[in-house]
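These notes are about the structure you will find just below.
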Amino acid sequence: MMQTGLDFTLVEDLVAGVDEVGRGPLCGAVVTAAVILDPTRPILGLNDSKKLTEARREKLYVEIQEKALCWFIARAEVEEIDQLNILHATMLAMQRAVEGLSITPRLALIDGNRCPQLSVPSAPVVKGDSKVPAIAAASILAKVSRDREMAAFELIYPGYGIGGHKGYPTPVHLEALARLGPTPIHRRSFAPVRAAHEARATIMMGGSISPSVGLLQD
């Protein structure tokens, strides 16, 4: 299927696009990216990362880094998500992405309906990753970066299927969580993780099960 991209002539000088990946998963960091595209160096096929194949995202990931005026990938860790909540952690990670840019944008366009506190003017754009090329580019950088990290965690924490579901609460993930217990990269503030942790702790206290290598440590 032909994957058409956004109109690159929409790119404006020194406007950063900002997006996040990983608000919904039960494990791993929330990853953000900020990108300022170069209007003189077109990138064909930019679109919401979720609308692209993995192979296309990987190619665009390299091309964006080569052709953009500047870009920065940031994150908020699991501990920050649990401490702040996922919304505030996402805003913090977006703030870090914009602050990490080597060029100060005159405007930051944020995917979604709210903006983090920034030192530059900003505006939210609902479904911006399918409207604004710079936001689409940011969504690609964030998604490829996070997906690669999840693939690495698959090797560190086998049995959970993390490389496949990327941490999202699929039946496979929920079953593994109940069977194996949470890992150190699971978000304890998320209800399914907390429930699995408490259930497993209760069973262990009863002496009927030995600790799993994946079990969260207090």
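Yeah, the Cβs are placed from backbone N, Cα and C, and that goes for glycine too.
If you look up Swiss-Prot, you'll see D19, E20, D111 marked as divalent metal cation binding site, on the strength of sequence analysis. Per Swiss-Prot, the feature domain 'RNase H type-2' maps to 13-202; the stated evidence is sequence analysis.
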Discussion item. As a test of the contact definition, list every same-chain residue at least 6 positions from E20 (divalent metal cation binding site) whose Cβ is closer than 8 Å to its Cβ.
Written reply: V30, V31, T32, T90, A93, M94, D111, A142
Worksheet item: So around the divalent metal cation site, D19, E20, D111 aside, which residues have their CB within 8 A of the centroid of those CB atoms?
Response: V18, V21, T32, A33, M94, I110, G112, G128, D129, I135, A138, S139, A142
Fill in: Site with most surrounding Cβ atoms, counting all protein chains shown within 10 Å, from the binding-site residues D19, D111
D19
Item to complete: Across the whole of the domain 'RNase H type-2' (13-202), what does the mean pLDDT come to? Round it, please.
Response: 97
Worksheet entry | Conformational class of D19 (divalent metal cation binding site) under the three-state DSSP mapping | strand
